């Protein structure tokens, strides 16, 4: 415990143990919890809620920023504590519960949850559980490594539990820029004109009377585990860098490009790492999550500034950041996710959005969420917020996986998260397809030529040519459109669709 | 001819006949032409281009605002004059050419074409052909009934042909609000905070030296033909009005609602007409096209102001407007389509978007463009711009058509234009489904219960229940997902999918 982190005296008699605080939560409550891609989530109270559910009837709806760390989501799911979960998750146990219909899941654009909560009062928030680095003298919250949806949760919540995490330095104060947007018709202009524009306050302003408990925790953020770039992800990165160099060469971009966004995970991290050895300079980021690669780019002098809603890094990277916080502090801003992911700002700044796909099809539609069209992987996250509003919308994935039993380019995606209207660039380790301004049949040709693995090229061309003969602006043979997915399900490989459709 | 409409003396010796002016266009040129949903298009020069192509080798790319009037698109297609067409069309002959692969078609969000042209210089514009009501003393263009993409076309074009239409009153000057947005990283805030906010100039500022020809025309806008509301469209309208009344009653909206947008066509027009007899008042519109219903709402005193990119009305309505122009002039603004359809403004104002679907599925995905997944109908238009950024995203269609041989609610849409993430309300004459905040399996139940025609209810429930047993967050049986569409193709009715999958 470190009571000096609480500058608001009236809170001192609200200090409780995580177990005590967890009892504030009641059966059928709706919880709004901090946490975005494992950063800044509740490490003590919410796990205690999960534990309580093992012994008593306790089923709640949990809204977060994005995914939570450690086994919190897994334990909530395993113990039957979840009625509904939104807007994002990335936990294998919870994923199973969702796909088995044990938990209802609302997969939502990360930039739009706050708006939904403002317009739809049937989603009341009973309790907000928010991680803090400290509390100001007015009782306001200084968040930790993420802002997420915490401002709207605390605004709507009847009660607030604050979880002070003493593993973060108090000097984090100042890296957050927080503004709660008003509901329409009073919605204001979001005056962010550069990655580093500040428009709000460095704290989450709350009503101190709502604070029901304050707890302390010493559990650090669940560290990200990121594999190093490999041959495939390096090839993808190089294709993107070469493409961007060409754009600069042809005068469409300058050598500082436009603000970059990259999704989470190994591929996105590898792509961003690649910029270290690129000819670009004075880069900026306007993203939703900052991974290790962001700090590599700071260290290499390539990156001037990064704005996001969370910092999700490996253990080593975390130590480096917080042991050298002065070095990074002025180069970072963390914003609420409805501002980091705001259509208005992404469009105005001209963000170059780089996200990963589960699969894409010959016409440029992208599936980011569902395995074989039915089973949820993680969720759409912020990919849609950036893909549709960015200056360039880039989606990447390997051309094949599982020793070639899966082709990630298919005749028709089994679930559509990003439509043909919103995709500019598709890239695999095989190459890059620039489909801007192309009609569907033109797109099919460049995608098959540039992105598809050689072992699937003829098979995909055959599908396209046969479908083309049937006519139509977007040629398909509906009988065979999912034959690759069905072959994978029933015969274990997409190389055998003839077993399905013959 | 009425030379007094040309206030810029240097243009007077550029007056040509439409036939002469059409010769400025060369084989393989890219044309940027005015016109949005048949309003404000070229009635003399572009038809002459189509005519030329009957006798000589002349194939061009045509970019417009949206659809063109009369048979212009049909004649261009029929005479083989079109290499590529974008971003929208609604002509049966051109539609056939697109589906037969005679014309390449890029179906694009109407709000995004200008951005694409700014970022992608491979789309140079050789000649812009722009309809005008008059020309200012500086040589700038006062448009007629649409603004569309004309500002970006004239900015990028090497040559400009101005077509002065003397059927419109010169007093139209003043209803346009035109601003050309800068390319990123210099893109400015779009400071529209209300439907009636003016941010630009009443003319399209052009470089007079680019003007290659000026022609006169006396052909009025191709009139809209709109059938009166019938039983089905009235039922749809009533469901929407009842829903909005409930939202007001429960305190989520006020009686002046939020700015309305409605797509084009019979259903959208009927829905909007329905507001005449509603309890709402002091309404506003922030839309892309204004139909007869807008003027009915003005006349009934319900509507205060309407902003859009075009006015597309019937012959009678047109006469009424231009014979009583003073009555309407101060209540109207026409904007470039990248501002009428700007994500930034639509989100800020909280537009209630009402658009029509070709079909939707049990999980709330919407197909706006493709018949049986392959054949282009018209295009996505602005429906996506409004659906994803609006305060409420409403899609409407009849539950069945062709005496019940087609159900417009299907197991899986055969083409996805609007994903499950972007839809709030689905409505047919049967009823309305409010799917906000619902998980896929919850959505399926409310959609089947409220929107599906009784003759398809059991059949759709059977699909859902069978798929549910297979598991997954979004249950589907990929083998049967398109069986309804295949049954329609091969047996003429969706009532017979068992012929396909048994």
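Cβ coordinates come from backbone N, Cα and C, glycine included.
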Same CoA site per TrEMBL - residue from A:358, A:362, A:423 joining A:378, A:382, A:402: A:358
Residue A:402 (CoA binding site): secondary structure state under DSSP, collapsed to three categories: helix
For the domain 'Acetyl-CoA hydrolase/transferase N-terminal' (A:9-215), mean pLDDT (0 to 100): 97
From A:378, A:382, A:402: binding-site residues whose CA lies within 10 A of residue A:288 (active site, 5-glutamyl coenzyme A thioester intermediate): A:382
Most distant Cα pair in Å, residues A:358, A:378, A:382, A:402 binding CoA: 27
Counts by DSSP class (helix H/G/I, strand E/B, coil) across the domain 'Acetyl-CoA hydrolase/transferase C-terminal' (A:318-463): 57 helix, 38 strand, 51 coil
For residue A:288 (active site, 5-glutamyl coenzyme A thioester intermediate), the three-state class that DSSP assigns: coil
